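J.: Once you've had a glance at the structure underneath, I'll fire off some questions.
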């Protein structure tokens, strides 16, 4: 049977190619997902500027959820550590130096543009953590002096003694270049080093440090030094030190794990359906051959082993061929993730043999299971029955498949019904599986469903009538095309439109909480108090308010409805907030106070005047008094704090934006503010839409993931449909030969095939839209709408993709199938 399997593969290269291509692409994507997952687990980000420190001490790694045993969620802002700890660490035996490192946004002004932003300013003392060595000039000793990185100095054309304008603390200031320093190792982001007085002036949180770099004494290893340091500190060694230097490394773990897990799970489900459909079609076109083998004395076990052996031979070769494409695809996805802001660019793509082994094992296991199940039913059928089914294949499915389809269909309905009553964030997570359950249900009863739907269709002409008859009688073969196209359509539409509906509602709700005529933002960290004061005194301005955006938790009483931090907003002028006040007053919003969404307060049993504890974005705990309850949009409410309370607990230490109201002419306000801020580099002025854009930018990565999932689904469906459609058409050579002998022309046969393809494509699009509706419509209801929102071009693109998948392959396969004369096909043993 092994020799027979190999011989069969050689003579049936075309049908084997369909399985090979499906497994190859599936294995490549699975390896890419496993590589992304492993990179997320490792979080390998070698330090650069802090590379000279043997050990780095940082603030708390994240918020330890009170009701969870071990879950820790990274903070949204940079957690800091007491700078005074450096003096205590310096007393530990084996410590050479302990240097506090402070970072704050800074950028060099070159003419009217910013040079090389975003950059960071630091104290000169921390230059030893790289180390940086002066190549000219001297260290900064007094306020107003700065040392530039050699690369930055060359770009700016500055030398020691020159004057340079630097945007720091939210505004441009003039400094004297005291010196130029060169890094002893590669540092991608050039640094600016300031004097100690200036560091204290510009530090986002005076008395705190971003990290403490510890240089070991001669002969003391990093591991030994880490053991000697006091317990209870967050100590980083090796490449983990990069997490102290680069913001967002730790926070990128969960998004990257979710991305790889969603991709991997989706691929396994789609691959199982595609491969099983491909193998089933391959076996179906060979039923006459298998029946003759059984009639010649072959046992059911031998036939089963032959089919499984053929499939596994092809699958193993395809999986091995997918190693290099998988690595390349994973690297490309990782690069795109960095470009889109899902992960910091300093994080390294770091797969090991584990990722490759996992991808290959799953890619081989899926076709092994599919071949085993498909071959089992084919091997057990009686020879006479097999010959009859080869001529007229049955379109009904067994009771087991029908029952499973019914169960999965019920699950789809239940998921859709419950999703619409959930809050938007929970609905987004729970509603997604409805697409897979609905798609698998269609795949299980595909032949029967296709037969019944086409039975209701009437197409004029002889070719149309034959197309309907063929589609119904060959519903088993056509369902192998229907299933991947339906699943791809459903996945693409549901992922995109569920995400856009959620994001649009979030942006509308968040931006809609404020009423403003203009928005001022900065390209460098944030806006300064001086700019806010100047705006308030600008002619034509009725009022202005700082706006701070961050994320955090209500710790006491703890809100256990989700582990993700909630939105924190800071303002200093209550009249800009449009959310109706249920009780209390926003005029009292000053000092250690907060305004809460009324629904959230009711859920937690919080009343007006109660004191609650917030865990802010940098890990600091803040006890505040509830002075107002707001009628905020359901699911999108934010805890509102005074801007002066929230801003120091952000990474930049500055407000995110300034909201401005016009005194009389809102249309002219933007132009007025642009003139007033023209001398301030890096300042942008926008209208109300600018506020929406600011909130929308925070959600752009999730939308990108949805578009990527849609593209993946379409790509895999394209391959599956191309393979199965080609195999199905090429297996009908004799049928086309008979039609041509009966008087049909090649053009008439092609028209018949195009109508068959159009029927399958149309039905798959309709079914895909229906399945996607079970996810998208409940999401729309959950966010308070009736219909989903999103770009119409996505729907049109999906429809076009399905048509462009089916039509060209049908025509190309038809041309190949009718390349020989009809008598040559009839007389050929293989057809």
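We count from 1, first residue shown onward.
Every residue, even glycine, has its Cβ placed from backbone N, Cα and C.
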J.: Between 475-498, 499-522, 523-546, 547-570, which stretch does TrEMBL give the note transmembrane segment?
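T.: Comparing 475-498, 499-522, 523-546, 547-570 with TrEMBL, transmembrane segment matches 475-498.
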J.: Quick one: sort out which of 434-454, 581-601, 602-622 is the transmembrane segment according to TrEMBL.
T.: 434-454
J.: Taking contact to mean 3 or more CB pairs closer than 8 A (sequence separation of 6 or more), are the transmembrane segment (403-422) and the transmembrane segment (349-376) in contact?
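T.: These two stretches do not touch.
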J.: Would you mind listing the long-range same-chain contacts of the transmembrane segment (475-498), meaning Cβ under 8 Å and 6+ residues beyond its ends?
T.: 266, 270, 273-274, 277-278, 280-281, 284-285, 393-395, 428, 431-432, 434-436, 438-439, 442-443, 446-451, 454, 706-707, 709-711, 713-714, 716-718, 720-721, 724-725, 728, 731, 756, 760-761, 763-765, 767-769, 771-772, 775-776, 779, 788-790, 794-795, 798, 802, 805-806
J.: By Cβ distance under 8 Å, which residues at least 6 away from the ends of the transmembrane segment (792-814) in the same chain are close to it?
T.: 481, 485, 488-489, 492-493, 496-497, 710, 714, 717-718, 721-722, 725-726, 729-730, 736, 746, 749-750, 753-754, 756-758, 760-761, 764-765, 768
J.: What are the DSSP helix/strand/coil residue counts across the domain 'ABC3 transporter permease C-terminal' (262-371)?
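T.: The composition, in the requested order, is 90 helix, 0 strand, 20 coil.
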J.: For the transmembrane segment (349-376), could you work out the same-chain residues 6 or more beyond its ends whose Cβ comes under 8 Å from its Cβ atoms?
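T.: Same-chain residues near the transmembrane segment (349-376) but 6 or more away: 19, 23, 26-28, 30-35, 37-39, 42, 44, 268, 271-272, 275-276, 279-280, 283, 303-304, 307-308, 311-312, 314-316, 318-320, 322-323, 326-327, 330-331, 334-335.
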J.: For the domain 'ABC3 transporter permease C-terminal' (262-371), would you mind checking the mean pLDDT of the predicted model?
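T.: That stretch averages a pLDDT of 83.
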J.: Against which stretches of its own chain does the transmembrane segment (434-454) lie, if we need a Cβ under 8 Å and a gap of at least six residues from its ends?
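T.: For the transmembrane segment (434-454), the far contacts come to 266, 269, 273, 277, 395-397, 401-402, 404-406, 408-409, 411-412, 415-416, 419, 468, 471-472, 475-476, 478-480, 482-483, 486-487, 490-491, 494-495, 759-760, 763, 767, 770-772, 774-775.
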